Amino acid sequence: MIQKPQMYVYIYLFVLIAAGPVDLNEDSEREANVEKEGLCNACAWRQNTRYSRIEAIKIQILSKLRLETAPNISKDAIRQLLPRAPPLRELIDQYDVQRDDSSDGSLEDDDYHATTETIITMPTESDFLMQADGKPKCCFFKFSSKIQYNKVVKAQLWIYLRAVKTPTTVFVQILRLIKPMKDGTRYTGIRSLKLDMSPGTGIWQSIDVKTVLQNWLKQPESNLGIEIKALDENGHDLAVTFPGPGEDGLNPFLEVKVTDTPKRSRRDFGLDCDEHSTESRCCRYPLTVDFEAFGWDWIIAPKRYKANYCSGECEFVFLQKYPHTHLVHQANPRGSAGPCCTPTKMSPINMLYFNGKEQIIYGKIPAMVVDRCGCS
């Protein structure tokens, strides 16, 4: 007769045989599949975050530049409008698109709207200039509102002088148009200078007009335009005021530099990852924004820049560095939605672009590069 303990053993063995072979790797495979599925979900989440970040950047740029829509300027128009002048070439050639300054200093710029540094203004037509003596004259400049509310540091009028065949002395005169006086006077002098030119190519000449510009800003009604003359010894005018064939980009223009004082704020620290990272915590990932891919030809430089974005989890176990958020959760765990992975430090980019008035602006746009991410 079989005793009870032995009978239990037989029953257990019978159940094992009936159940079939046991796969000892089943649990590990299940765990691997769960982990793989989690990584795929993380990749999809990051892809959605990248797309959202790019769309947000487009909206932010227009908003920070105070543009309702992207300026509609064709590539042909850009080639004609871009002056072939030293200050613009210098901006493009020595262009500091962005710098990785996430480790220097403890303060950062966090103002919202773009801080303008240089504005290049092209001349426009004026009814007053057309009526002066029955034919067009140059030049009339309209000024962006950015200039009126910022401190003018420098204002230069740039004019291009055509090449000469023999050495000559050139007398340059800049006249400001005024309302006709009783004696018929319609002009008053701004600047005059004498320079020697040698045979060869034409040259760019700059003239300080800061005082005149400041007066125009104080009394906009006094801005009726200017007339430019550059006469050689034979009375020939060498100044390019209305470019002819082969003279595209040689228009006179104003280069105005302004300054603004941005606000400052404190910084913190965060994790850096790449697209192949398996890090689940809140982290900064690389992202390059290509303006040419948008069809935004109105942005002269940069054509692309590194924007970066934040993605990852913000579990409360990671919150040793964020005690205020942790305390809120402890006080009301059901009512707290938890922290989000978000930029904790951002830096500006410099941008050279056309605004809606076909003026060339060189400015600094704040908070366009994610330098660090964190949970908050």
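Glycine residues also receive a Cβ, built from the backbone N, Cα and C atoms like all the rest.
If you look up Swiss-Prot, you'll see Cys273-Cys283, Cys282-Cys341, Cys310-Cys373, Cys314-Cys375 marked as disulfide bond, on the strength of similarity to another entry. Residues or ranges marked as N-linked glycosylation site by Swiss-Prot on the basis of sequence analysis: Asn72. As annotated by Swiss-Prot, signal peptide applies to 1-24.
Projection of Swiss-Prot feature records onto the structure.
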residue	record	Cβ contacts under 8 Å, 6 or more apart
Asn72	N-linked glycosylation site	Trp298
Cys273	disulfide bond	Glu279, Cys283, Arg284, Tyr285, Gly312
Cys310	disulfide bond	Thr49, Cys282, Cys283, Arg284, Tyr285, Cys341, Thr342, Pro343, Val370, Cys373
Site with most surrounding Cβ atoms, counting all protein chains shown within 10 Å, from the disulfide-bonded residues Cys282, Cys283, Cys341, Cys373: Cys373
Disulfide-bonded residues: Cys314, Cys375 - member with fewest neighbouring CB atoms within 10 Å: Cys314
DSSP-derived class (H/G/I helix, E/B strand, else coil) of Cys283 (disulfide bond): strand
